[in-house]
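Colleague: From TrEMBL, for reference:
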- B:35-57: transmembrane segment (TRANSMEM)
- B:95-307: domain 'ABC transmembrane type-1' (DOMAIN)
- B:99-120: transmembrane segment (TRANSMEM)
- B:132-152: transmembrane segment (TRANSMEM)
- B:180-205: transmembrane segment (TRANSMEM)
- B:226-248: transmembrane segment (TRANSMEM)
- B:284-306: transmembrane segment (TRANSMEM)
Amino acid sequence: MSAHAIRKKKIRLTSLVHYLVLVILAIIVIYPIYFAFSYTFMTPQEVSTATPNFFPNSLYLENIKEVLATTPILRFILNSFIISIAVMIGEIITGSLAAYAFAFVRFKGRNIIFALFLATLMVPSEVTLIPRYLMMQAFGWMDTYQGLIVPHLATVFGIFLLRQFFMQLPKELMEAARMDGAGHLRIFLTIILPLSRPAIGTLGVYSFLNTWNQYLWPLLMTNSEEMRPVQIGITMLQDEEFMSWNIVLAGVTIALIPSLLLLVFGLKQLVAGITAGAVKQ
Amino acid sequence: MAKNQNVLKSIPTLTPALNKQRVKPRPFHKRIEQIIGYGFILPTVILLSMFVFYPFLQSVYLSFFMTDPLGNIVGFVGLQNYVDLFTSKEFLGSLKTTFLFAIFTVPTGIFISLLLAVLTHNKLKGMRIFQFIFALPIAMSVGTSSIIWLLLFNPTSGVLNYLLNLVGLESIQWLTDPNWALVSVSMMTIWLSLGLDYIILLAGLQAIPKELYESAKIDGAGSFRIFSKITIPMLSPTIFFVLIISVIQALQAFGQFNILTGGGPMKSTNVFVFSLYQEAFVNFQFGLGSTRAFVLFVIILLFTWIQFKFGEKKVHYQ
């Protein structure tokens, strides 16, 4: 065998090992999610065998039907959608306005205020949890949508992200608009916002996913079943003794679908957001 | 001004200069500029004042007081809450548990995600699928993940004990054995935070200029040498960044403990935020809870400061 052929064989072998390692690691990483999906489609008999089953025998849909019929999961999902979409829109509005001001408008104290905003990134939400909770009680906002939405309508991460993006936009466009006599509001609405769709998309994906996946705040804020977002509703299902694994996991699967779809279609935006600031609340 | 323009226009040679001057946009009216500026930041100022600045000050304030179960102040106690806290066995235990949890999760998590990032940072076929799979946990919430892992940890029918038995090992009481509970929650947490660490490290790898690798290859360096002499040094700012945010996240962990162990068995998983939650929302000791919150703030501030002091200069954000 020539040296060339040996070398070629060696390369093929290393890439084979490489793939083998990757496949094993991929199976480990994906298994917990696969487990939830596969158990959703298994019959109660398949689940209660002595050794765990890895593949459902058929696409058994009764678990999904049962979790939809016997638990308010659709209500939980609806609550989560209402809260996440409201927070997402709010964060985009407040964030883009403030980012525009910090990037393009000259006003007194701009730098100090911006620094003060950035300083809030050092205060984890757990630190302010107790007074926020007491405030919600005083407002009578416990167990309401506004209690779950309003405290999260502004995000310094969003302002930071959008400001960075705004400042990279070509200055000539703004100057041309100003020569046409456009004011700040018009420049903001007709030039900056349309050009910033990628950054706004990043913030949108990011804030939707964060809100959808929240746990501690909605746990404290909701008492009644009909106000619970899906993350809290699902964990309450699991607390009920009589619930079988399939039913709980069918609920988990339903709760997972929106976030997984978001990952499939918004991974690029998500990665952009993470690498811009790498802040996960 | 208008008069001057007319005069200038009358001199033909000066007109181009005038036009040039007009190309530069006129500055906005100063007062309007101020109003627009404050107007645009107003919503954020109101929201942050209400939900971050005020609660933060209130939290510090409350930490010096005793409160009744409704959150009303009963009496000033000065530093007594802090003295009580640092002499409380429960709190010192929870500090220790939290740091143990960080030690269990952070280095292992970074090692695994670094391995995954290095293995998927190449042009081999199918890498995008692997990249997607390893990023997957980022979409998972602490709530649903905890439920899934609760079932995986199940001592009789969970898959983990099944695998142990398969290779001839004895079953483990993952969540009810005080020696294992923290390790088990750590395993689940490593999995949960894998996506984030992986995405950041992969982006860090992709930012290393390719020329560096090429010239090293020309110099005849082997892949291990390239890894230790180029990849690791170039990636170290990113690794440091992941290290700090992972430590901060470990200090903030709550959901997985609330769902999987409830702080037990025998307080072996009573981490910081879980004990804060218990103090404030189960015992209704809002003053004592705020004392904990402030201590948490100081600890996290310390790590943020370390990141700022030692990391900022070297980290290139992409």
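For all residues, glycine too, the Cβ spot is worked out from N, Cα and C.
TrEMBL does not curate its annotations; it predicts them automatically.
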Colleague: Below 8 Å between Cβ atoms, which of the listed ranges B:35-57, B:99-120, B:132-152, B:226-248 makes the most pairs with the transmembrane segment (B:284-306)?
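Modeller: The stretch I would name here is B:226-248.
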Colleague: Hey, does the transmembrane segment (B:99-120) touch the transmembrane segment (B:226-248), meaning at least 3 C-beta pairs closer than 8 angstroms, sequence gap 6 or more?
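Modeller: These two stretches do touch.
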Colleague: Using Cβ distances below 8 Å and needing 3 or more such pairs, separated by at least 6 in sequence, tell me whether the transmembrane segment (B:180-205) contacts the transmembrane segment (B:35-57).
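Modeller: As far as Cβ distances go (cut-off 8 Å, pairs 6 or more apart), the transmembrane segment (B:180-205) and the transmembrane segment (B:35-57) do not touch.
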